[in-house]
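Participant: Structure in structure tokens, see below.
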């Protein structure tokens, strides 16, 4: 039987029909033009025209107005808080890949408890300086983490914005150089001291409450630190004494004598009744503030101890000395935990990271070194362990003070070269970072927005394009290796060598120097055979091939003992 004789069982509506109307293509009738910029406000246009006319009348060049670029806004805290509600488990964090689109997944350092590389603040952000240039001796973040407060040799407090790094206000706080200051742990008051031994109290709005002479013979007070309950504070003076003061009564309670020379630094334990002080007699002493007696004395350094800093958990204390070393001591066994060698000149300042075992130190050659204390002790096969990250030319002179943001994502440094500089974490896929270049100065300017867009009329008496630095004391709970969580090795450490190439630039300083950007021609002269041999056989750049637990950095820099005086604190 043929196919034509088969019966059709389907209804007629199910059979394919030939369309009577030809196919029609859809054509848009709306939104046929490309996107247009939003209409500009007439008031803003008129204001801009008036500003341009005023500048032309004053004979000034019209500057291109651009908004300031913010860096690492709040350290990714908002995204991390949102993720804590939506994450599948308590330890989930997005996997970062080396590509710029993954910057949005970069969370604050606290989100990476086992990855210290997220706390290496090696990317230059901005430089701040006063129009009347003078060395910056000390720097700290305000308690809420929104601003930077710096103290200079002119006796001025300068407040910088912690987000856009521009100038906010200035105050003539002291008549002589400010040597030290510190906020109370509650953030309600600020205490400062100057080169003539005058101690002053300030409120957060910079209202001066009281002032009095705090040292004998008007000697300088080099260090100031508050007790954990803010009821007392300790001062270190050039009169070879450590004094304990009642904060409320502004009265000295006890004078601790035992150092044989100027006391350069003092730090109160974050949680306990324990003081540590460093002096020009090369000694580090631990004190009982209740009885005023010396508990222990360390004779490790061979020159002046210039800075001390407690780790956030209070188990370790780091010291910076003019013998070019940074030493870390474990007070649970009163033994030397690490010896960190890498600075080419005296070490002037140290600072701990608030969450990771990273120590940052600053030297008188202008370098900032990051040390990772989570790595094991060097073995016989590798006797030299380099710093985790090196900024060999961060400043042009002594780095007097270092401080981390309370979240740990920004680092601020204050220097004898009159500048305060901000450093940020590297971004995923960033090829122009300082860290990837082995510590040398970057090849090109990475941030010029803040140095061109400020108008002189907006900030009377201040130039544009500079930032400030500060030191923060982040004590307490959010830190690696809490009390009882393991016990670090107490063995004596081997020397850790300088693992980065780079040197100190002795060329003439200019007002528009960016950290890490100077001429490499050396006045167009050919290098000597010795220099050529050194350049060709310098240390190789090392790559970061691992992500270990608990990065920490210590910053210690002070002025050279035998070098020429540059107007610094010593």
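Cβ atoms are placed via backbone N, Cα and C, with glycine included.
Just so you know, TrEMBL annotations never went through curation; they're auto-generated.
From TrEMBL, here are the annotated features:
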COMPBIAS  517-528  compositional bias 'Polar residues'
COMPBIAS  546-560  compositional bias 'Polar residues'
REGION    429-455  region 'Disordered'
REGION    477-570  region 'Disordered'
REPEAT    136-161  repeat 'WD'
REPEAT    214-255  repeat 'WD'
REPEAT    256-297  repeat 'WD'
REPEAT    298-339  repeat 'WD'
REPEAT    340-381  repeat 'WD'
REPEAT    392-424  repeat 'WD'
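Situate these features within the shown structure.
Facilitator: Across the range of the repeat 'WD' (136-161), the DSSP-based residue counts are 0 helix, 18 strand, 8 coil.
Along the repeat 'WD' (214-255), the predicted structure has mean pLDDT 91.
Tertiary proximity for the repeat 'WD' (256-297) is limited to same-chain residues at least six positions away from its ends with a CB under 8 Å from its CB atoms, namely 222-228, 232-244, 303-310, 312-314, 317, 319, 321, 329, 331, 334, 473, 475-476.
Residues of the repeat 'WD' (340-381) grouped by DSSP class, helix first, strand second and coil last, total 0 helix, 19 strand, 23 coil.
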Participant: Determine which residues of the chain contact the repeat 'WD' (214-255) at the Cβ level, with the cut-off under 8 Å and only residues 6 or more beyond its ends counted.
Facilitator: 179-182, 184-186, 188-189, 191-199, 201, 261-273, 275, 277, 279, 287, 289, 292, 473, 475, 569
Participant: Given pairs 6 or more apart, does the repeat 'WD' (340-381) have at least three Cβ pairs under 8 Å with the repeat 'WD' (392-424)?
Facilitator: yes
